[in-house]
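**Student:** I'd like to ask some things about the structure below.
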Amino acid sequence: MTTVPRTTDLAAIRIWLTVVAGLIALMVLVGGATRLTESGLSIVEWKPVTGTLPPLSERAWTDAFEAYKTIPQYRQMNAGMTLHEFKTIFWWEWGHRLLGRVIGMVYLLPFLWFLWRGAVSGPLGRRLWLIFGLGALQGAVGWWMVASGLTERTEVAPVRLATHLSLALLIFAAIVWTLRRLAPRAEAEVPARLRLTAWGLVGVTFVQLYLGALVAGLRAGLVYNTWPDIDGGLIPKAANLWIQSPWWINLFENDLTVQFMHRMTAYTLFLLGAWHAFDVMRAGAGRTVVRGAHRLLAAILVQAGLGIATLLMVVPISLALLHQGTAIIVLTFAVLQAERLSPRRVAAVVVPQAAVAAGQAG
């Protein structure tokens, strides 16, 4: 017998997961602002419990500032910074970490409550445990990222930044998927190719998000600020794309190569989204599916326009954050469309309590 949440528990679970998803989206934006303001290395220690409180005295502020002075970023970029200026960057990083702790508590405490009530079990329970594990891993990945900028570099390693952001968005996507699975819907009778394309859109979106994080980590948006050409042409010279050795390093550390891949993946995402929007109409997939495809394509177009504007204007903070926020919307629409087209197993279907009672009586 499949165990399903009671009607009252189901409503509470959906509200809870919606709040967590919203907080994660906010966390991603605060993290983006922390990066854009060069604030991410202002706290040089990882104290998951005792680090909850900020400095509460002038002596504590001085100690925190002196600790910051020991890392390369201060010596090479911010030498001469005042304590007042340090406080500005400190608050961004502290707020980012505090929000992470808040998300952990907002997820964990209701989760334990639902477990105690027996409201989550089976596939739903396993999925929620997996999300919890990914959240715990994210905290460690965050410090792994910060640690990369404390010894030799003046910024965090771009690959670690991209890993940190990608994991946050993977958790967000898992919650969005779970929320959609908790909502009743009719099965979509569609050709298998539509499901394949929808999942392809999710995959390409994640690749694009990872590349966007690499662009941000490398500050690659501050160079090659022309469009549609890049480095003097629509396609850069191969010698410039593969200038570093070994060749694969260019995929992660060459400004030109990473920005070019980000552009090409954006074009791929648009073409795939446009094809999907056309194909669902041609297949007569139903109004809900067609609307989902059109919303996704519209979000991709808006995101592309914001990306081009951000590049041409040399990455103003407000526009860069808007670009990052719209990326979350694209991911949300892509995940929702993939779920909309995916068949549901019996264990994943939410059954009204009356139906459960009737089934047990029979």
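From the backbone N, Cα and C atoms, a Cβ is placed for every residue, glycine too.
The heme binding site annotation in Swiss-Prot covers His262, His323. For 10-30, 102-122, 128-148, 159-179, 198-218, 266-286, 297-317, 318-338, the entry in Swiss-Prot reads transmembrane segment, with the evidence type sequence analysis.
Help me understand the surroundings of these features in the structure.
**Tutor:** Under DSSP, His323 (heme binding site) is assigned to a helix (H, G or I) in the three-state scheme.
Tertiary proximity for the transmembrane segment (10-30) is limited to same-chain residues at least six positions away from its ends with a CB under 8 Å from its CB atoms, namely 4, 92, 95-96, 99-100, 102-103, 106-107, 110, 114, 119-120, 165, 168-169, 171-172, 175-176, 178-179, 182-183, 321, 324-325, 328, 350.
Within the same chain, residues 40-41, 43, 46, 48, 97, 100, 103-104, 107-108, 111, 120, 156-157, 160-161, 163-164, 167-168, 170-171, 174-175, 178 sit at least 6 positions outside the transmembrane segment (128-148) and bring their C-beta atoms closer than 8 Å to a C-beta of that stretch.
Proximity of distant same-chain residues to the transmembrane segment (198-218), defined by a Cβ-Cβ separation under 8 Å and at least 6 residues beyond the stretch ends, is recorded for 32, 35, 155-159, 161-162, 164-166, 169-170, 173, 252-253, 255, 258-259, 261-262, 265-266, 268-269, 272-273, 276, 296, 320, 324, 327, 330-331, 334-335, 337-338, 340-342.
The list of residues near the transmembrane segment (318-338) in space but at least 6 beyond its ends in sequence, with Cβ under 8 angstroms from a Cβ of it, reads 25, 28-29, 32-33, 36, 169, 172-173, 176-177, 180, 195, 198-199, 201-202, 205-206, 208-209, 212, 216, 221, 276, 289, 292-293, 295-296, 299-300, 302-303, 306-307, 309-310.
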